[in-house]
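Enquirer: Would you mind keeping the following structure in view while I ask a few things?
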């Protein structure tokens, strides 16, 4: 008997594929409002500073393919079939749902490549996927709200952080601090009771505990260029503050809200934060991003299988 096919909808933010895509990509992010030329030029300069266009597109596709492969290795009951849906560039989330529907997929598990829940991020992806499926009359989509607390995800980061601290001489370690960060969001999410900031705090606490790190702080990065207040402190300001007030001279940055090498990490951390550490005479460290690391892919696969099992349990 043929195995049942289950769709695997992997959703991510998306990134420009080539320089010509930058304008339309950021216009989509800005809800159809074209960015000023000055902003486009600045973005092009940032991409060039990290060696050309972001590697994110290739990494996202590789993560999705590896996840599909791992899921089909881990169990033999269903055949997972992967569909990639992006938020701000093709293939859009709606395109992926349409393809699932056209292929006759009846049910799918959806996972967003972002560990923490927020109405701005995971919620908006899931709503778009469900709305598209509803419009077409299928498939049924089982969404995942968050997965930051999956043990293998925390293990990935705590092992990487521990390795950096372990390699330091004792004196340096005493003056080193871990900065755990995620993408900043508008402050108004707090008034709405969004769990996003608390989830990042929880992630930082668990990683620090597992890595045996006593000095750590939570920061935010890559805030949008809008007049409204965004979550802070920004990682650059936090770096200066920790140096000035507590005398730290080594900084280990763990941008755990992201899962791959891309502009926010390769520029905002590896260029901007590094410049700050150089200005204050401190050392800069940043663990490797998860990308397609087998432990990270295992974490995602475990989350997907748990979600499918939960659906099965509820129908028994």
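In case you wondered, yes, glycine gets a Cβ from its N, Cα and C as well.
So Swiss-Prot lists these for the protein:
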- 13, 30, 46, 47, 54, 125: Fe-coproporphyrin III binding site (BINDING)
- 183, 264: Fe(2+) binding site (BINDING)
Enquirer: Work out the three-state DSSP category of residue 183 (Fe(2+) binding site).
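Expert: SS state of residue 183 (Fe(2+) binding site) = strand.
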Enquirer: Per DSSP, to which secondary structure element type does residue 46 (Fe-coproporphyrin III binding site) belong, with helix, strand and coil as the options?
Expert: helix
Enquirer: Please report how many Å separate the Cα atom of residue 183 (Fe(2+) binding site) from that of residue 125 (Fe-coproporphyrin III binding site), as a whole number.
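Expert: About 16 Å separates the two Cα atoms.
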Enquirer: For the binding-site residues listed here, 30, 46, 183, which shows the highest count of neighbouring CB atoms within 10 A?
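Expert: Most Cβ neighbours within 10 Å: 183.
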Enquirer: Among 13, 30, 46, 47, 54, 125, which the record lists as binding Fe-coproporphyrin III, how far apart in Å are the two most distant Cα atoms?
Expert: 26
Enquirer: Enter the number of other CB atoms within 10 angstroms of the CB of residue 264 (Fe(2+) binding site).
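Expert: Step by step: centre on the Cβ of residue 264 (Fe(2+) binding site), count other Cβ atoms within 10 Å, giving 20.
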Enquirer: According to DSSP, does residue 125 (Fe-coproporphyrin III binding site) fall in a helix, a strand, or coil?
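Expert: SS state of residue 125 (Fe-coproporphyrin III binding site) = helix.
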Enquirer: Quick check for the class: what is the C-alpha distance, in angstrom and rounded, between residue 13 (Fe-coproporphyrin III binding site) and residue 264 (Fe(2+) binding site)?
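Expert: Between the Cα atoms of residue 13 (Fe-coproporphyrin III binding site) and residue 264 (Fe(2+) binding site), the distance comes to 12 Å.
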Enquirer: About how far apart, in whole Å, are the alpha carbons (Cα) of residue 46 (Fe-coproporphyrin III binding site) and residue 264 (Fe(2+) binding site)?
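Expert: Distance (Cα to Cα, whole Å): 10 Å.
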Enquirer: Who sits close to residue 125 (Fe-coproporphyrin III binding site): which same-chain residues at least 6 apart have their Cβ under 8 Å from its Cβ?
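Expert: Long-range Cβ contacts: 11, 85, 87, 93, 110, 112.
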